[in-house]
Amino acid sequence: MEILVVAVGILVDRLTKIWALDKLKKVQDIPIIKNFFDLTYVENRGAAWGIFSGKTLVLSAVTLLVLSAIIVYMIKYRPKSKLARISLSLVISGALGNLYDRVFYKYVVDLFSLHYKDIYYYPVFNVADICVVVGTIMIAIFIVLKDDKKDGKV
């Protein structure tokens, strides 16, 4: 199951980024829902919100370290919880997707833009980012549920 989650996440991420490089890069922006959601081509040379811009080697090294830690954890402890396994697999998938970009392009391709008119723009993101965020939220839920079980609340 974990390998399937990782593979599907990477596949969807790669396909959307290949499309963005081929089509979206030429037009830069395609409005989908007026004043709310656009497809916008961005070459992100940093991390979330552009932090660590130009630090590709550092970001790649940190990503490899985190990936290694998660994989070692999954192999060593073999979590019984399906929620834990899927959430960690999503994080692995997203990390690998963005690592691929950093290694081969020296930037991460971002394409989803959420905004409110021209007043507020959330940083442009990609499928790999979605995998990491959803996986992290699921890990938090798993931890809370696990702690509640220990306390006899669940």
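Backbone N, Cα and C atoms are what each Cβ position is placed from, and that goes for glycine too.
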* Structure fact -> Between the ranges 14-31, 86-103, Swiss-Prot assigns transmembrane segment to 86-103
* Asked: Once the DSSP letters are reduced so that anything not helix or strand counts as coil, what is D129 (active site)?
  -> helix
* **C-alpha spacing of D129 (active site) relative to D110 (active site), in angstrom** => 9
